[in-house]
Amino acid sequence: MSLSEQASDVVPFFSDESEAEGPEEQGGGAPRPQEEEEASGVSKVRALLTVLVLCYINLLNYMDRFTVAGVLPDIEHFFGINDEKSGLLQTVFICSYMFLAPVFGYLGDRYNRKYIMSVGILFWSLVTLASSYTPKEHFWALLLTRGLVGVGEASYSTIAPTIIADLYVKGKRTNMLSIFYFAIPVGSGLGYIVGSQVGNIAQDWHWALRVTPGLGLVAVVLLLLVVQEPRRGAIEARTDLHHTSWLTDVQVLSKNRSFVLSTLGFTAVAFVTGSLALWAPTFLFRAAVVNGERPPCFEGNCASTESLIFGTITVVTGVLGVSSGVMISRKLRTRTARADPLVCAAGLLLSAPFLYLAIVFAQSSTVATYIFIFLGETFLSMNWAIVADILLYVVVPTRRATAEALQIVFSHLLGDAGSPYLIGVVSDSLQQTDSFLWQFRSLQLSLLLCAFVAVIGGGFFLLTALFIEHDRNRAENYVPTGDEPIVVPKSGRSTRVPVSSVLI
């Protein structure tokens, strides 16, 4: 009995095998040569449609996440809360998202990923709709529902990139990941725009949270009807791989220096984007009031203009940043195998001074502020697709969803889980009076942390470049050893035994 047969013996009813059976499973004979697009068990057209559906869902994911930021001043006025409590809205979401990511990573490495995502997205859509009916006296209910939204999003974000990895390899994979990660800045920008404008038209911020749930239900239907589960690792001709225990996976990943260091670098990206995502429209609105360009606002959708402009900038810079990062990386790969982490490092190190200048110039020149934000976000967005590609080629296929989950946990734990709340706490502690000038000045000083963290993140990516060649070669040439336990059936149940004992 072969290793691949043993692995498939224990895959339960939720298995991905039911959707992607190849000739070798059906006929029992030797596998016939297949083209690259067909090795996964998914046709070329279906694979492309799968990527487009996943991209659509990723766009909704980030659109929903940043809708709250687009109407944050209105939420503050509605509930009568300060900056510290406002920061909690993003923090509770990220915390639930972060802590549940390993659970879905474990499930995603072992069970049918399409069904896991479908259930998660349906749950996320229903909870988001419920959050739009939060009464004025119960701010805690809004915090609770925003936390539950993270449950649904964790089920998607940890799994979707691994499906793309099982459909494409090398240059094609990078191209498809760039399409997938375009949705992050574009969806984030649309979140600001849709949130602020829908709230402005309805004169009620609650309606801003009622847009994505309906689109989420459409996403569930598309997942079930269009997406087909590919065979894990088949596209890379890795039929010798088997599932090991979760603790073994974690131990191996913790020794993968490229994975650890790139995760720390991505943590800096998460810190900066999380801070700007929640606070930038509010900061720009307060700057406009201090500059005399806007009157003080206490009711209605106060920051709708700033949210619209910042959202538009986020969309444009996201497209420019992701595409330019991928193109530069692709050209540099012909000269050095360290191109990917070097491009990531350059993106963060170049974004830091422009973000600093944007924050400093806010009080004196609105035009200069928007220009510096544009440049800073463009360089920051160069990382998204490249970081994902690094993870996928330094980790073997059977550990990728777990690696995605661990990267989500640590990047959010030390990044955007606490950064919005931290910025709010620092802002409140620096505020000496309740005037608009001090509301602006305290938030301005606290946001300077972003530039400092971006420099640290660039340093982590430079360190990643030292180990990337070794770790990539090790993943590509990985051969399971005899002391790694695998899952085999025993009396109708699963048990874990050393590989050597089943090869006797």
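Keep in mind that glycine also has a Cβ here, set from the backbone N, Cα and C atoms.
Remember, TrEMBL labels are computer predictions, not curated facts.
Per TrEMBL, the features are as follows:
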- 1-37: region 'Disordered' (REGION)
- 50-469: domain 'Major facilitator superfamily (MFS) profile' (DOMAIN)
- 88-108: transmembrane segment (TRANSMEM)
- 115-133: transmembrane segment (TRANSMEM)
- 139-164: transmembrane segment (TRANSMEM)
- 176-195: transmembrane segment (TRANSMEM)
- 207-227: transmembrane segment (TRANSMEM)
- 259-280: transmembrane segment (TRANSMEM)
- 308-329: transmembrane segment (TRANSMEM)
- 341-362: transmembrane segment (TRANSMEM)
- 368-396: transmembrane segment (TRANSMEM)
- 408-426: transmembrane segment (TRANSMEM)
- 446-468: transmembrane segment (TRANSMEM)
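Below 8 A, the CB atoms of the transmembrane segment (259-280) and the transmembrane segment (368-396) form 3+ pairs separated by six or more positions in the chain.
The stretch in closest packing with the transmembrane segment (176-195), judged by the count of Cβ pairs under 8 Å and taken from 207-227, 408-426, 446-468, is 207-227.
Simply put, out of 88-108, 115-133, 139-164, 207-227, 341-362, 341-362 has the most Cβ pairs sitting under 8 Å from the transmembrane segment (308-329).
Using the rule of three or more Cβ pairs under 8 Å, pairs at least 6 apart in sequence, the transmembrane segment (341-362) is in contact with the transmembrane segment (368-396).
Same-chain residues lying 6 or more positions outside the transmembrane segment (368-396) and placing a CB less than 8 Å from one of its CB atoms are 161-162, 165, 173-174, 177-178, 180-181, 184-185, 233, 238, 241, 253, 256, 258-259, 262, 265-266, 269, 272-273, 276, 280, 284, 287, 309-310, 313-314, 316-318, 320-322, 324-326, 328-329, 340-341, 343-344, 346-348, 350-352, 354-355, 357-358, 361-362, 403-404, 407, 454, 464, 468, 471-472, 474-476, 478. Packing against the transmembrane segment (139-164) from elsewhere in the chain are residues 50-51, 54, 57-58, 61, 64-65, 68, 75, 79, 81, 85, 88-89, 92-98, 100-101, 103-105, 108-109, 113, 116-117, 119-125, 127-128, 130-131, 173, 176-177, 180, 227, 229-230, 388, 391-392, 397, 400-401, 404-405, 408: each is 6 or more residues past its ends and has a CB under 8 Å from a CB in it.
For the domain 'Major facilitator superfamily (MFS) profile' (50-469), the predicted model reports an average pLDDT of 83.
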